[in-house]
Amino acid sequence: MTPILAAEALTYAFPGGVKALDDLSLAVPQGESLAILGPNGAGKSTLLLHLNGTLRPQSGRVLLGGTATGHSRKDLTDWRRRVGLVLQDADDQLFAATVFEDVSFGPLNLGLSEAEARARVEEALAALSISDLRDRPTHMLSGGQKRRVAIAGAVAMRPEVLLLDEPTAGLDLAGTEQLLTLLHGLRAAGMTLVFSTHDVELAAALADRVALFRTGRVLAEGAAAAVLSDRATLAQGGLRPPLVIDLALSRARSRPFGPRSALPRTRDALAAQMAGWTRR
């Protein structure tokens, strides 16, 4: 099946010659959740900015639905309608006076009628469980609320792919769990998710697939359980397996565990397997 979004041999260097992306290729399967995992400075955010057309590669190309993208005004408008982006700092994304006005901006700029734009906004606010915030001034929102409003603004465009840069940055535990529930809901509704993170626990909880980055290159890419259980490769990126996978791997040293695909990736899955261990 043709990937919904793909990067082919992307290279991009900042002024001074430091390469953020170094001949990087990556495919995003439709309907899946892909984690772009790696330490700070690995090129994760730079890739996302290429995947929605904000940055133009110095070499290589981005394909959307198998077709090479262009950077004309018309091409970019269509591209950003199909591929939404939520920035790491929601304050960089919110600019209207109220939540409703902010979420309305994208649909209105698509040329939709006021009635259709309003319907999309109401739908997005409901999907993100923030309908009660519709008239709230954006500067009076909490960090978690701002993040959800920024996501609602992208969702209101009805994109095929949603890109999220460090989606849980700055959120407390409760805010992170609420956001995970919302993102799982978008994923279950068929939206393709691509998110950058340095948090292996988040990658385990949300991703179907993981691409491990280091200095603008892909070190490893594959099913989440396989990549997140590969200690040696994770160490090259300055990371280690998530706690739930680490505990399961430790158990497997004394008793065969089974295929890596069966490794638990959430606390609930680990608890269920631990209950099975005590019965054996």
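Using N, Cα and C of the backbone, Cβ positions are placed for all residues, glycine too.
Swiss-Prot has this to say about the protein:
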type    : residues                                               : note
BINDING : GLY38, PRO39, ASN40, GLY41, ALA42, GLY43, LYS44, SER45 : ATP binding site
DOMAIN  : 5-240                                                  : domain 'ABC transporter'
Segment-level pLDDT (mean, integer) for the domain 'ABC transporter' (5-240): 93
Residues near ASN40 (ATP binding site) in space but at least six apart in sequence (CB under 8 A): HIS198
Cβ neighbour count (within 10 Å, all chains shown) around GLY38 (ATP binding site): 26
Near-site residues: ATP, ref GLY38, PRO39, ASN40, GLY41, ALA42, GLY43, LYS44, SER45, CB cutoff 8 A to centroid: SER196, HIS198, PHE213, ARG214
For PRO39 (ATP binding site): DSSP state (helix, strand, coil): coil
